[in-house]
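**Q** Following this message is one structure expressed as structure tokens.
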Amino acid sequence: MFQSAVLSRGNSMNQVMTFFYYFAYGSNLLGDRIRYKQKGAQYDCNGRLDNFRLEFANYSERWQGALATVMEENGKEVWGCVWKMPNEYSESLDEQEKGYHRLMVPVHTSHGVIICRTYQYSDLQADPMPPSPHYKLVIVEGAKEHKLPSAYIKGLESIKDNGFKGSVDVDIPLLAKLNVKTEL
């Protein structure tokens, strides 16, 4: 298994690491969201993934809209959070990210470049579609929580959602007001 490392932070490749770095750019930006299933997640720092763009594809029943993914594109960038994840959460995170595959990517941070695990939606030919207001809110609030660059947050806020009104199957406090039962 490839271990994450930050050489500028004093780690050597000979050191056995009991954790991995995970770069979150979607709903797992929000602390309450990632810790809902990944209780051991510890925020480490913010980071930038170069030569990728944020995209939304594949309808999710849970979120009632498209899910975030990253797609390679020269000159673009995706901002997110670097989480320090205990190795015992590796399979649980893979399960949470079902439908995605792992990527090991260089993330630029204030500590230097950190090699992180991230996830990309596996159907690279999936048509782009809008996220639900709920999913978009979780991403935007996670970006604000971790003080990602204001221009990037404005870009997230400008993403058109699908207008869904109703409940999603994600029980976090932020969504309480949006998770309203629709009358039949």
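For all residues, glycine too, the Cβ spot is worked out from N, Cα and C.
Where the annotation comes from TrEMBL, it is an automatic prediction and has not been curated.
The model shown is predicted, which means the values in this text are computed figures rather than measured ones.
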**Q** Per TrEMBL, what member of Y135, Y152 joins Y22, F23, A24, Y25, G26, S27 in binding substrate at one site?
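**A** Matched candidate out of Y135, Y152, per TrEMBL for substrate with Y22, F23, A24, Y25, G26, S27: Y135.
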**Q** About how far apart, in whole Å, are the alpha carbons (Cα) of F23 (substrate binding site) and E97 (active site, proton acceptor)?
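**A** Rounded to a whole number, the Cα-Cα distance is 13 Å.
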**Q** How far apart, in angstrom, are the most distant Cα atoms among the substrate-binding residues Y22, F23, A24, Y25, G26, S27, Y135?
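**A** Overall maximum Cα spacing for these binding residues reaches 20 Å.
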**Q** Around G26 (substrate binding site), how many other CB atoms lie within 10 A of its CB?
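**A** Other Cβ atoms found within 10 Å: 26.
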**Q** What does DSSP assign S27 (substrate binding site), in three states?
**A** helix
